[in-house]
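Comments concern the structure below.
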Amino acid sequence: QFFVFCHGLLQLSQLLVSGYLKSSISTIERRYGLSSQTSGLLASFNEVGNTLLIVFISYFGSRVHRPRFIGCGAILVSLAGFLMSLPHFITGPYKYDQSVASMFSNTTDLCEPRVPASQGNFSDAGCTPHAARENHEVLLVMFIAQALLGIGGVPIQPFGISYIDDFASERNSPLYLGILFSVTVIGPGVAFMLGSAMLRFYVDIDKVARDGVQLTNKDPRWVGAWWLGFLIAASLVAVSAVPYFFFPREMPKEVGEFPLFLSDFPLVLLRNLRHPVYLLVVLAQVNLSAMVAGLATFMGKFLERQFSLTASLANMIIGAVNIPGAMVGIVVGGAILKRFQMSLRQCSAMCVLGMFLCLLVAFPLLFLGCPTQKVAGVTYSESSEFGHHALECNRQCNCPEKAYNPICGSNAIEYISPCSAGCRVVNINADNSVLNYTNCSCISENGLAGFAKPGTCGTGCSHLFLPFVVLSCLAGILASTSHTPSFMLILRSIQPEDKSFAVGIQFMLLRVLAWMPGPVLYGSAIDTTCILWEKKCDRKAACRYYDNNLFRQRYLGLQFFFEVGAF
């Protein structure tokens, strides 16, 4: 029982490390200027190390000191967690464009006709060879950490489960494995809640004084303390690893064990892959897993952009609504199975029904959303004769090309920076934050120069937020009811001695076909809907503005496509 407790704790903290990255992905994109394709690759990169080893590890499972192996794996995972937060400590403080001269920079992004020289100091300030190299180092460190995380995670689940199954009595084994299984489902929920808590703190909480920061967490330039969660999760893993070095190796050998040798490997593989039920169920699960992979990685970002939520609130919704919804679905599916003692045909009918209802509920989601807010020179121009940035009204302002400090005019149009709105005056609150911008030549209200508030205007989509969350939660519940019956289909339709191997192959196929390419595919699809890229050293960095309708159609459309595939 103590082993089960330790293993539950370890699996939870391991999932915290891998799940926490997904909760802070939009923040890391913003901090280091990554495209969604890159961040999707990063998010799925831990599967690479994992997949290469998992088959052999499950194959040689009974021949090694399992608890010690689990302990070593856990130490690798913990190391990976600490490595993930390292970029924060090797790079300088986060820089963003400011209207108020501060300790960081004496440049401002107000409209200043007098100084044509101010052109240079913004645009290429961060473009030294050092800055470019620093960015490569950050990515390298994170990819190495993700690979380590995958490798360290390999022994944890298979060895832990087989160890428990070997030692627990027949009666208690299902209970123990059920406990572990529920932990693996709760884990990501806890990770998103942790993300929600950490992203409320400013990223450089350890480097700058609180009063030196002029951003609130509602600001589109806000970057939360993404690295803090990695430190917490990695420390938890390190603590959970300790007991494993003290568990014994010895165990009474079960009788009637089927001896597996490497020479049988291709034979068993082919025998399983030729099995039509096995193959079809695994393909359905591949579709569902690809959907979940995209959902988990970019749902937060989607909610942030579509409904103008803070990163913290978006994580809160996913951790407190969507993931528990999926849990409910899994439990309900299992309960129905147990209650009605279903045959294989009934199991498959239940999967099909669940997916059909899921499709019905998920279809309306494609239409629940709003277009991108009006952004001058990006999604909106008052008249067609002026080009991309050169608005007449801010011609004399010498605006830096790269400035990004969105403000919302009193005319309900968003401007990329106070300069592009022609604002010449900034008013400051007592706590050093911006109150508003006045004397803006581009914002005219009945002939007078208007004013603007800091921050984005938002999409005006808040009335659709509740129906969206309810429907997406329902769709999740319905899709996940097919989880347990589909597993039963696999376990009951193959030869008993192939069972553990078939499940191993199944997980490997899910990784290779869904968990790895899924986030990259979603990230690439999201990148195609960007309408204004941040430029860093003449390369595309993070996306400033998406075409929200396209974003929604492609992101949810991809999801719907996979749901149809599973159905």
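Just so it is clear, glycine is given a Cβ too, placed from its N, Cα and C backbone atoms.
Annotations in TrEMBL come from automatic prediction, not curation.
Marked as domain 'Major facilitator superfamily (MFS) profile' by TrEMBL: 1-567. Residues or ranges marked as transmembrane segment by TrEMBL: 41-62, 69-90, 138-163, 175-203, 223-247, 277-296, 316-337, 349-369. The feature domain 'Kazal-like' is assigned by TrEMBL to 387-441.
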Report summary line: Listed stretches 175-203, 223-247, 349-369 vs the transmembrane segment (316-337), most Cβ pairs under 8 Å: range 175-203
Requested in this report: With pairs restricted to those 6 or more apart in sequence, evaluate whether the transmembrane segment (223-247) and the transmembrane segment (175-203) have 3+ C-beta pairs under 8 Å.
Outcome: yes
Report summary line: Averaged over the domain 'Kazal-like' (387-441), the pLDDT of the predicted model comes to 77
**Report entry** Three-state composition of the domain 'Kazal-like' (387-441), taking helix and strand from DSSP
**Finding:** 6 helix, 19 strand, 30 coil
